Amino acid sequence: MTSLPVLLLLVFACVHVSCDKSFVKDLNNLLRLLKYDRFIRGSREDNLVPQNKYHDDIRRSFIYDYGNDKKAEIYDFDQKLSDVISSRKLVDDDDDDDEQESLNNLSDTSETVMLSLKMPQISPKQPDSYVCIARVLPNDDRYLVEFVPKASMHIAHHMLLFGCSDDEPLEIKKTWQCGEMQPVCNGGSQSILYAWGKNAPPLKMPENVGFHVGGNSNVRYLVLQIHYLDVSSFQDGHTDSSGILFGITSLRKQYHAGIYFLGDGYTSIPPRTEKFNINMGCSYPIDSPQLFPFRFRVHAHKLSTSITGYRIRNGVWTLIGHGDPQRPQAFYRVFSDIDIRPGDELVGRCTYNSTSQEKVTRIGATHNDEMCNFYMMYFYDSAKYGNKPSIPCDWLNTKKYKYPIDSDTPLSVIEARSNNRETKAYEFVENQYAHDETWNSEILDVGQVSGVDIDNEDVVIFHRANRAWDENTFDPLTQQINVSLYKPIAKDTLVWLSRKTGQFVKSGGADMFLMPHGVTVDDARNIWVTDVGAHQVFKLSPTLEVLLTLGERYTPGNDYDHFCKPTDVAVLKDGSFFVADGYCNSRILKFFANGTVDRQISKKLSSNYLTKIGNFPKPFFMVVVHGLALDEAHNLLYVADRENGRILVFDSQSGDFITHISKKFEGAVFAIAYNENNGGVLHVVNGKSMTAPNVKVSGFTYSTDLHTIVSDWHPKNGFGMPHDIAVTQDNRDIFVAEINPFKIRKFSKVNKNLLYPALIY
């Protein structure tokens, strides 16, 4: 049996990166910035920030992720810093004694305190220098919950934060040279707690998860190791204070975090070889706790093109993570609900292209060597398993295994395939949602199903009964509905079905609507509907009492008292709401809770209410605003710009345009639904359009965290005309409304029965 610390030494556990000075200019990364700043964001109020040293430090070190060209840059966001920093207690790092006192005096009810571990203005002289510095931890239990790097890849090539089990570090308040393969601890075991390289972004633990340090843990002190590859910037007397700002709390965390490490320390890579694989693995021992992976990280040097990690259980391979070592070396989210149990096998593969090399390349710690590292960040339930100081991993002979076909394929190639709809973006979520053909076996007496949403444990649909929208429904010049349709639909147009079985629950809405379109259920279970025939929006109570009516019946218009075929409503928790005034006006109106207009988002720029769209992508207008979705945690409004085949992203507070998701979905984008699970996903249904009449109609799951489609799904015989979509709060079930055939379909997660603790970021 090989313990984790011995394995770490065996594979030379460092994180070494190549230097690339290109900068990202892709506008999509502003969305990524907003996602990464959320964990140190307080309220949306414009609080003032104390003018101390952390203002500059965090601004320099706050990194957002890669864009289309797979590079990274430091984003200077002074104007956004106020509400980012205000929610955390910061201790001035000019005084180490003050920091140590704050660390020692944390109470059981204390908030997270941000402390630093950094280099004290050093000036390395030798290339490939490894420098360490330590911080002693108190005798009481503490938990590390946040990591904010304060470094640039042009100075520090990588940083590792270790936890050591012995009582006293090699040096206190002083740095020391810690070599290429030397242990950083003073005789005790060591474990990696955090790693940074290539301008990777900050990292926050999920709620109730933390690295257990101090007290009864196996970590007595922390050691920061920084690798300085190129020291030319220090030749003119410059010094460096790179380091890590870490969040620490005394509040007990039920789930203890750790890192499992897969690596290779002895294989040589032959020259002039286009694809050379190094395989590695270990067997998870009996009597070990159940682990829940939630982040992964890969590391290699310039020759590596791909690194993958898998769990094997009963012969079935499940992907943990697929990474590109040339991208920012961050801890990326594990997208599937996966666990590790005793008897499972963990295997990895590193792939290299050595066609540029004329001699053998060895695994090692210098920039002339290569590396093969896969980090799996996990947590386990300490209430069930207690405190586990180390979790062993038995060496596994991987020669007997046949790896999955895409295990050595570069991530960029897989993403390109996904965009072209040839294959799925990530193997582990292929067919993540399956059509439940047993759901709603009853034959419902409904017409065109135009809308769907979730109402507690039920599914509510909005349908047109015996009325259909065709070429004779509206006057093409005035957009008024045909006078023969002035009388409301006599049948119930709102129908509730059981989420679990699809059986009929109740119905209502007779003699109310002319041409139903969208339906939305808010947090108070009020029902919001749009009637394109009446050009109106209604807010109904749970008992279908009319609480609010917007728009003039039968009368289309483009001022703030009228709509023209409104399509959808999205409601914020404070009661304010957005209306997609979709078919004629192609605009979005935001209202206060009382129904008065707040602002408008439109292609026009003449109203006082309008938001300026100065960086709007081509085409410079929306064509049929057909669906809305909200990510309130990050103040984002997603808009289905149907006929342009794209999703637009706006700030839900100001209305400012942020970015767009395009060239991901073929044809028109009919409907979208957002869910915060798995780092944030958008479920999307497409459809045929004037420019793509032969497109394959399908449903997609798009990761807002990874910026890629991670799954597509559809019935065995395909969709007809999907029109709306809804997702349950737990992200387990998706419901799609179709106007032809008159159907409501349910798709469920394939791995829905896995008992995986919910992660809240």
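Each residue, glycine too, has its Cβ placed from N, Cα and C.
Per TrEMBL, the feature Ca(2+) binding site maps to Leu637. Among the features that TrEMBL reports, domain 'Copper type II ascorbate-dependent monooxygenase N-terminal' is placed at 116-231. Residues annotated as domain 'Copper type II ascorbate-dependent monooxygenase C-terminal' in TrEMBL: 255-380. Taken from TrEMBL, the feature repeat 'NHL' covers 502-543, 562-594, 626-653. Here TrEMBL flags 1-19 as signal peptide.
Sequence-remote contacts of a segment are chain residues at least 6 beyond its ends whose Cβ falls under 8 Å from one of its Cβ atoms, and for the repeat 'NHL' (626-653) they are 31, 34-35, 38, 44, 518, 567-573, 578, 580, 582, 588, 601, 611, 619, 659-663, 665-674, 676, 680, 682, 684, 686, 689-692, 704, 724-725.
Residues in the repeat 'NHL' (626-653) partition by DSSP class (helix H, G, I; strand E, B; coil) as 6 helix, 18 strand, 4 coil.
In terms of DSSP helix, strand and coil, the domain 'Copper type II ascorbate-dependent monooxygenase C-terminal' (255-380) has 0 helix, 69 strand, 57 coil. Within the model, the repeat 'NHL' (626-653) shows a mean pLDDT value of 93, rounded to a whole number. Note on the domain 'Copper type II ascorbate-dependent monooxygenase N-terminal' (116-231): DSSP counts are 0 helix, 55 strand, 61 coil.
Mapped onto DSSP classes, the repeat 'NHL' (562-594) shows 0 helix, 14 strand, 19 coil.
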